[in-house]
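This report concerns only the one structure given below.
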Amino acid sequence: MAGNQLNGAYYGPSIPPPQQKPRRHRNDDGCGFCSCLCGCFRGCCGCIFNCILSIICKILTTIIIIIVILGFLFWLIVRPNVVNFTVTDASLTQFNFTNNNTLHYDLAVNITIRNPNRRVGIYYDNIETLAFYKDVRFGSQTLGQFFQHHKNTSFLNPNFKGQQVVPLSSKQLSEFEKEKNDGVFDINVKLLLNVRFKLGLFKSGKAKPKVHCDLKIPLKSSNGTLVGNGFQATDCDWDYKWKLFH
């Protein structure tokens, strides 16, 4: 009975043919290989980059540590100190304007340079002194070169004498008249230095620091007496860009 049922006609839905597996083309195999190769290459590049970056960081860290250690040893051995500039005296015997804005001046300044360092000497290869009034230069003088030993005090005596056209605004002229009545003038003296430093047998390269001295200088009358109070010794300041020792 069962055999007859199986050999009889079948009236159900048609049976779909069996699906064939898709064939792999050569291009698919190539893409898979390239993808694998590219992935390996990216992995290797990333590893190499990380290694190089790690080595660079270690080298930079080592260099910084060495510089810090050497700097500390230098400070410990040398113990550098600031070189001090002081205007101990200033004499102003002439300081007046004519109608054509010409300033007639006669100024003498005494400056002391104190080198407090125990092991550092200083070569002053060139010293240019400049005198300013209301930010306008009216005089200059170049001084001779010399060597300053450690723990030593040296003296400079620049003199500014002559006449110079100094254009002033109306406000500056009124300030000049006020200072003239008070008998004390605000004058700025600057020093442009060309120096080298000596530590034992070692000599440094040239440096060009600047020093400025803001002075209040009393005017002396024709008989030599002061119109205002006497001059007060004034410490000078290093230009902040050239603090050689700090």
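Using N, Cα and C of the backbone, Cβ positions are placed for all residues, glycine too.
Annotated range for region 'Disordered' in TrEMBL, selecting from 1-21, 22-42, 169-189: 1-21. Taken together, the residues of the domain 'Late embryogenesis abundant protein LEA-2 subgroup' (111-211) have an average pLDDT of 93.
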